[in-house]
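Q: I have a structure here, written as structure tokens, and I will follow up with some questions on it.
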Amino acid sequence: MTKVFINGEFIDQNEAKVSYEDRGYVFGDGIYEYIRAYDGKLFTVTEHFERFIRSASEIQLDLGYTVEELIDVVRELLKVNNIQNGGIYIQATRGVAPRNHSFPTPEVKPVIMAFAKSYDRPYDDLENGINAATVEDIRWLRCDIKSLNLLGNVLAKEYAVKYNAGEAIQHRGETVTEGASSNVYAIKDGAIYTHPVNNYILNGITRKVIKWISEDEDIPFKEETFTVEFLKNADEVIVSSTSAEVTPVVKIDGEQVGDGKVGPVTRQLQEGFNKYIESRSS
């Protein structure tokens, strides 16, 4: 039987329940993280939980856990479910209290839940690339917080699905921000361009890894804003996330990117990413 973690206990998934008054359910008042496991080891887990705790701090939520304690939780979750390759979803809400927009009283504690599932790497997408569709970014102004409020992302992703695209690339006006569930990069003349870290994007963990690889390989990494037109005229385009890794984009809005094939810089980043899986998994 699959086990899930809820507030300090590992229980059968059939016994896992959420209160109808949980603030995550009625307000989306909470945060989450998603962590990848390769061969039974957690990839960049410290970076993920440092971001998790930062997100909690930004919404004035005291988790009551340290990074090390959270790592212990997800390690045990992998163990009890015998998962070697897959992902761990963990979220924290502001707890259970009568519905009121203001914060509950201090005795109300967060509800922390986590589950793990097995899945393989996205080999086909990594090898052949995906199509993407551009869409106006309608999300709130604190996209740096990994909030449970994902309605804007959901609507963007559904727009992409309707156009047979694997990702929605969002833009505010003409400025590209990020994907519905990824960071976005334009590669031009051997340099990588991506939106700077601020409140308009999530500072992705895979984005950090790509930056590390760029430093290792002496690839220019430019954290600058760029337009939809610049993106469509790039030599290569990639999106990155914990689940997507380093995924090439070969078409945007039905238009071919570059020569329509996965480019050399993308392949270089993918090779570097594989090396980091080995060196940063524990």
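Glycine is treated like the rest: Cβ placed from N, Cα and C.
Got these off Swiss-Prot a minute ago, pasting:
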BINDING   Tyr32, Arg99, His101  substrate binding site
BINDING   Arg51, Glu178  pyridoxal 5'-phosphate binding site
MOD_RES   Lys146  N6-(pyridoxal phosphate)lysine
ACT_SITE  Lys146  active site, proton acceptor
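Describe the structural context of these features.
A: Look at Arg99 (substrate binding site): DSSP puts it in coil.
DSSP assigns Glu178 (pyridoxal 5'-phosphate binding site) to a strand segment in the three-state reduction. Glu178 (pyridoxal 5'-phosphate binding site) has a Cβ environment of 28 other Cβ atoms inside 10 Å.
Secondary structure at Lys146 (N6-(pyridoxal phosphate)lysine), taken from DSSP and collapsed to helix, strand or coil, is coil.
Close to Lys146 (N6-(pyridoxal phosphate)lysine) in the fold, though at least 6 residues off in sequence, lie Ile31, Tyr32, Glu33, Arg51, Phe52, Ser55, Leu202, each with a CB less than 8 Å from its CB.
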Q: In angstrom units, rounded to an integer, how far apart are the Cα atoms of Arg99 (substrate binding site) and Glu178 (pyridoxal 5'-phosphate binding site)?
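A: Cα-Cα distance, Arg99 (substrate binding site) to Glu178 (pyridoxal 5'-phosphate binding site): 33 Å.
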Q: In whole Å, note down how far the CA of Glu178 (pyridoxal 5'-phosphate binding site) lies from the CA of His101 (substrate binding site).
A: 29
Q: Helix, strand or coil: which one is Tyr32 (substrate binding site) in, per DSSP?
A: strand
Q: Quiz question: given the binding-site residues Arg51, Arg99, His101, which has the greatest number of C-beta atoms lying within 10 angstroms of its own C-beta?
A: Arg51
Q: What is the number of other Cβ atoms found within 10 Å of the Cβ of Tyr32 (substrate binding site)?
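A: Cβ-Cβ neighbours of Tyr32 (substrate binding site) within 10 Å number 18.
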